[in-house]
Every structure is written in structure tokens, then in C-alpha cells.
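Okay, here's the structure, questions in a sec.
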Amino acid sequence: MDKQQRTGEGEQYDGGLLCRFAHLVLPYLEPADLASVSATCKALRVVSKSITSRRISDASRAMETYPISFFNSVDSELYAYFIYSPVQTLPTFPSIAGLCWGGEIGGSGRVRQDPFLIRVEGSNGCGCESCDLDCPCMDFSSGLPTRECGPSCQCGSECGNRLTQKGVSAKLKVVKDRIKGWSLVAADFTPKGKFICEYTGELLTTEEARNRQKLYDKISKSSRFPPALLVVKEHLPSGNVCMRINIDATRIGNIARFINHSCDGGNLCTMIVRSSGALLPRVCFFSSRDILENEELSFSYGDTTLNPTGSQCFCGSACCSGILPSEHT
């Protein structure tokens, strides 16, 4: 074997080793870093391209039943980078596994994470083996579920009264709009009353939410920054207490972070759903009417009078106020 042949085999071996290493490491990089690495050599460019393709093909990182693809015919941004979480989470540094996006999917399949962040030990739940309309955990008094079975119940995950606990149930896609930016769009016909998704992200205290909102407002003044901090207030039955839920999907969350505001209320209704044995309720979206394929999903962020100096609204509805709802958090 001559020297030239040995050198060629060595280069081939080194290239194969580099690709294997790159497939393990590059999925942890953010877009800018991935682009920088891609420019260094042909082998890394090929790996980077495959990672980018996987990211574009599924925003949920294979954590949901259906893939949720990005579509952009407006500019060069191929996808929106964020850390996907199908369930509520506490504000913390994401796990190493959570930072990985675009790697080769293994054979473990989709494993649903526990939807209940904090459980109430010793709480009562139903003893049903197969829940029906007589289940004490069931409440459809508003026409949509406001109470479901939970961790203190005897029934399993396949129970019909756990509708909102199984992740995104509609076929969706994320589409870039020239004015609004990224938008969540129906990829198929969606009938009225269908559960769409939960709004997941980091659960914050009111103080944390206020501090983050101040930071986001500051960043937004100097750049086009799309925060996704949702504040939901619920007046409890006594009428004297208002419960506040702060969910920030700016850094960590699911595809609900792409749902835009509409001044006419949009085509989604927001429900606060409680589960037996779970301390915290969850914010869930249902279709308020039939939604056509390729129709954007939207809901009302709230009352625009809370912040008359808010950002400009581009919802385009006939009753658009011109101001995007937000509050002095």
C-alpha cells in the first residue's frame, strides 16, 4: 500500500469520525452558532443542513402526536429557536436534553411528560375504572371541560376525562407573516369545540413576571423582540380573591407561544382547567368555531385599556383597536 492510498484512507476515517461527533454535538447549538460551524468545512455543512432541516420540519422536537412544521416565504429566518416543553415548568436552567434539537431521533418514541407540575398529596380523586358522565371529576357545565381527572384518581392516562393532558391534538403549522411575524395556523379542518393545546412555559411568581416584563419592554424598544409572557387572572367564587397565573413561553414553552392576538376574540376560547390532585390549573385553548385549513389561530389577549401606550396591533379585524393588549405587570 503506497503512501498516497494510506493518506486517503486516513482522511476518510477522520471525516467519518468528525461527522459522527458533529451529529452528537451540533444539535445543541443555537442558529447563529450552527451557521458559523457550517461555514468551516463541507462535512460540517452537510451535518448542519440535516439538523436545520429537522428543526424546520418539527417545532415540537417529536414531543407531540403530529409534527409542527415551519413555513417562511417572507425572509431568511428558517425557524424560530426556543426550548420546547409540552408541559408547565419552573423557571430554571434547561436540561442538557432539553437543549438538543435537530439530532437523529432514536427509537424511544414519543414519551408524554407528566402534565402535573405540583401534586397535592392525600387529595381525593375518583375511583372509576372507566369514567363516564357520573364521574365526580367531570365538569362540562360551560360546554367545555373545566375540571378533569388527575393524579389522585384511579383511572389511567387513557381515561376520556383527561382530554387536555395528552398534548397538542390538532394538526398545526407555524407560518411567517410579513407583518405579524410567526403565526400558528391550522394545517387541517378543525371543528368547533376541539381541544387545541395548552399554553405551557415557565410558571413565574408575580414579582418574577414583572421583572421579566420590564426586561422585555426594554429589549423591544431597540429590536423586534417577540416576548410570550401570558398573564391570566381568574376571579374565584368568593368574588374577593383574584388568582393570577404567569406563564412565560419566551424561552421555554410549546407552540401556543405563536398564537397571535385578535381584537374580535379570534377563533379560540381560553379555559382554565383543573385536575383532581393537581395544585395548579392549566390554561387550555379550544376552537370557538369551525376553523378552516390554513386559517390562522388567534384569541384575545385582553383589554387594551389596561395599557393605552401598548404596541401597535396588526390583527386586521374589523374592530381592531390599533393597540396590542398588555398590562402594567
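Start at 1 and count along the chain as shown; that gives each residue its number.
Backbone N, Cα and C define each Cβ position, glycine as well.
TrEMBL does not curate its annotations; it predicts them automatically.
Not my notes, these are from TrEMBL:
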- 170-302: domain 'SET' (DOMAIN)
- 309-325: domain 'Post-SET' (DOMAIN)
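Can you walk me through where each of these features ends up in the structure?
Remark: secondary structure over the domain 'SET' (170-302) totals 21 helix, 62 strand, 50 coil, with classes taken from DSSP.
In the predicted model, the domain 'Post-SET' (309-325) shows an average pLDDT of 82.
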Could you tell me how many residues in the domain 'Post-SET' (309-325) are helical, how many are strand and how many are coil under DSSP?
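Output for the domain 'Post-SET' (309-325) reads 0 helix, 2 strand, 15 coil.
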Taking a Cβ cut-off under 8 Å, which residues six or more beyond the ends of the domain 'Post-SET' (309-325) line up next to it in the same chain?
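Distant contacts of the domain 'Post-SET' (309-325): 179-180, 220, 260-264, 298, 300-303.
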